[in-house]
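> Got a structure for you, written out below as structure tokens; questions coming shortly.
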Amino acid sequence: MAAAASTQPPQPPKLTQLLERDPYLAPFKTDFQRRYSLFYNRLKNIEENEGGLDNFSKSYKIFGVNQLLDGGIYCKEWAPGAEAVFLAGDFNGWNPFSHPYKKMEYGKWELFIPPGEDGCSPVPHGSKLKVVIRAQNGELLYRISPWARYVVRDEDKVNYDWVHWNPPQSYIHKHPSPKRLKSLRIYESHVGIASPEGKVASYKNFTYNVLPRVKDLGYNCVQLMAIMEHAYYASFGYQVTSFFAASSRYGTPDDLKEMIDVAHSMGITVLLDVVHSHASKNSEDGLNKFDGSDSCFFHSGPKGTHQLWDSRLFDYANWEVLRFLLSNLRMWIEDYRFDGFRFDGVTSMLYHHHGIGTGFSGDYNEYFGLHVDEDALCYLMLANHMINFLHPECITIAEDVSGMPALCRPVAEGGGGFDYRLAMAIPDKWIQIIKELKDEDWNMGNIVHTLTNRRYEEKYIAYAESHDQALVGDKTLAFRLMDAEMYTNMSVLSPLTPVIDRGIQLHKMIRLITHALGGESYLNFMGNEFGHPEWLDFPRKGNNESYHYARRQFNLTEDHLLRYRFLNAFDRDMNKLEERFGWLASPQAYVSEKHESNKVIAFERAGLIFIFNFHPYQSYVDYRVGIETPGKYKILLDSDAAEYGGHQRLDHSTEYFSEEYSHNYRPNSLLVYIPSRVAIVLQNTDIPK
């Protein structure tokens, strides 16, 4: 009996807790067991064959080209399809055969170059290199190492060059990483567009001009897009060519390290938008066909190509692919001091259909079965396990549109191990409402349902809009609300037209209700906090390589004659209020009212009362709102205040006294004046905070 028991596949130790929390998952118990078993066995194999996950994920210190303490150079590559491998570069006059690699087991190749007579490195810092692959057909291929740390492109060239990065003195971090945050207020950012000027902005610009703005706005986390090197700027960083290289178009690796260090000095957490869902098809300066074969890091044939993105898809069952991707995460954390990751394209990873032509209704059968890519899911479980084990203070976020259950539950429960997931239904809902409905037809119950419909005990990041909505072909909320009038009527010297007035008021209300009701974290894309005009479009042939739309006009908030400063001020004070009361880290709100004809939504969270009147013209005097805790209440935040471009219809000295009068299933209530298109936040002053 004992022998039979030992052959049983490993079980998720806390699976029972998951199934008790959501009994509808019980029919899929064997799926969770199989997924966990796959994870467990892969992890066990790594422990047995690589000296542990710690050692395995430090492979970035061995693979590629690495400096040894004695001044020599050690080079290692995985190129299973190669007949021979050489290193060429400035250091050997580009002789393609003078420095051959030695063939090892499992498709690996290594080369040791001793130090010079003076003990100096044989490959100087800043010199150009290429791995030369002799393919099986005899062709010589000049490739950039998949592990390259720095690649640059000269202005007169199409492709990137690999530059050996080994400065005499690397940047030394001075400030500790911030402690893990309870409330995440994320400023989604792109370094290259973070300037009003029509050019590619730099890490230095972000460090000294943008980070102070982020801090002032009350955001405590920056999520950086387009850092992993990508040859095509207009891909927004999603067609990665060099996974271990920080994009050189913004500056050097040390510039990025300084930027993260300065952010840490301000108490700002820094996350990397990591793209492990696919890779660029470039072969000259990317991973594709590195060893001359169609496969190597990727599936061969049609399975290895994403039909919509025209990019290559990783083979997550491959041992060396796991080494490459896990080491990649480790390098960004330990070399650059990133505090975690937002994993892009998780839906594409989770399913063999990659989400193409597939809608997700929420039926649990959509999340289990043969259409799930369990090798990819296993990789994500390994990644989260590794990060949690080696760097428990780090945060991971999943960008998944499908709603895969347990994605944000611990691996020990059979879950994916992520900390947060993006609440991707929320921005879609706001777009649909603004596009399709008159203000009088807005459905309060539907808004509340979308904002609160999340899996129990899985943390969600709420957002009204992200970079997706800012891109060319789409519209930001501000542009949807105010459109062409943003060009002519955003000056305080021009009359406040009905369109601009409506846009400003709804922009604030939408953001506050999303922030307070929609999740356990909040995200905003840079510039959208103040209603950045127009759209985002990178220089490309279709727009004559123009930078006009590839910038953020932060200067608009500093012009006191423009109304953008009102939205900017509201966003700042909304964040500062959350910092003070911590509603994102509090249990879900209790919604006491969603009145369809009155267009009123009221709820309590973190001891505060949030009241929204979405009615376009109806104000309410002595409007009764049900509350839990009796006491004296005062206004903390009022979207109608003058400093936010409002109409100043509320007296902030007013005190609202509760009555022991039950209303909307709450034991107490109070009477408030709530003007049209206004949101207010009330605090119980009897409870000091």
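Cβ coordinates are placed from backbone N, Cα and C, and glycine is handled just like the others.
The feature domain 'Glycosyl hydrolase family 13 catalytic' is assigned by TrEMBL to 197-571. What TrEMBL records for Asp344 is active site, nucleophile. Annotation comment: TrEMBL describes Glu399 as active site, proton donor.
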> Considering the active-site residues Asp344, Glu399, which residue's Cβ sits among the greatest number of other Cβ atoms within 10 Å?
Asp344
> For the C-alpha pair, I'd like the distance in angstrom between the residue listed as 'active site, proton donor' and Asp344 (active site, nucleophile), rounded off.
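Computed Cα spacing between the residue listed as 'active site, proton donor' and Asp344 (active site, nucleophile) is 5 Å.
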> Tell me, roughly as an integer, the mean pLDDT over the domain 'Glycosyl hydrolase family 13 catalytic' (197-571).
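Reported value for the domain 'Glycosyl hydrolase family 13 catalytic' (197-571) is a mean pLDDT of 95.
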